[in-house]
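Copied over from Swiss-Prot:
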DISULFID  Cys24-Cys42  disulfide bond
DISULFID  Cys35-Cys63  disulfide bond
DISULFID  Cys67-Cys79  disulfide bond
DISULFID  Cys80-Cys85  disulfide bond
SIGNAL    1-21  signal peptide
Amino acid sequence: MKTLLLTLVVVTIVCLDLGYTRRCFTTPSVRSERCPPGQEVCYTKTWTDGHGGSRGKRVDLGCAATCPTPKKKDIKTICCSKDNCNTFPKWP
């Protein structure tokens, strides 16, 4: 009985990942970083900057508690909830 109880305790400790936080790519450095507690969503925002796209395409990567809602209709936001799932987009 003691062996069974000890085994269950060890398995519980191994299976629980206490203090785990999500990892997402962030800008401007585009490197993987731990998200603050409570922020479990990775996001990628893309848009064209400047008049008629003269300044090029822009990207914002980061962490959030919920998927950010774009303030402008031309901002595309993609959210995911796995570690480092918000990689820098490939441009056509």
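Just so it is clear, glycine is given a Cβ too, placed from its N, Cα and C backbone atoms.
Projection of Swiss-Prot feature records onto the structure.
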residue : record         : DSSP class
Cys24   : disulfide bond : strand
Cys35   : disulfide bond : coil
Cys42   : disulfide bond : strand
Cys63   : disulfide bond : strand
Cys79   : disulfide bond : strand
Cys85   : disulfide bond : coil
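Annotation for Cys80 (disulfide bond): spatial neighbours Val41, Cys42, Tyr43, Asn86, criterion Cβ-Cβ under 8 Å with sequence separation of six or more. Put simply, Cys24 (disulfide bond) is 13 Å from Cys67 (disulfide bond) when counted between their Cα atoms. A Cα-Cα distance of 6 Å separates Cys24 (disulfide bond) from Cys63 (disulfide bond). Note: the CA-CA distance between Cys79 (disulfide bond) and Cys35 (disulfide bond) rounds to 14 Å. Residues near Cys35 (disulfide bond) in space but far in sequence (CB under 8 A, at least 6 apart, same chain), listed by position: Thr21, Arg22, Arg23, Cys24, Cys42, Cys63. Taking a C-beta cut-off of under 8 Å and a sequence gap of six or more, Cys85 (disulfide bond) has these contacts in its own chain: Cys24, Cys42.
The disulfide-bonded residues examined here are Cys24, Cys63, Cys67; by Cβ neighbour count within 10 Å, the least packed of them is Cys67. Each of the disulfide-bonded residues Cys42, Cys79 was scored by how many other Cβ atoms lie within 10 Å of its Cβ, and the smallest score goes to Cys79.
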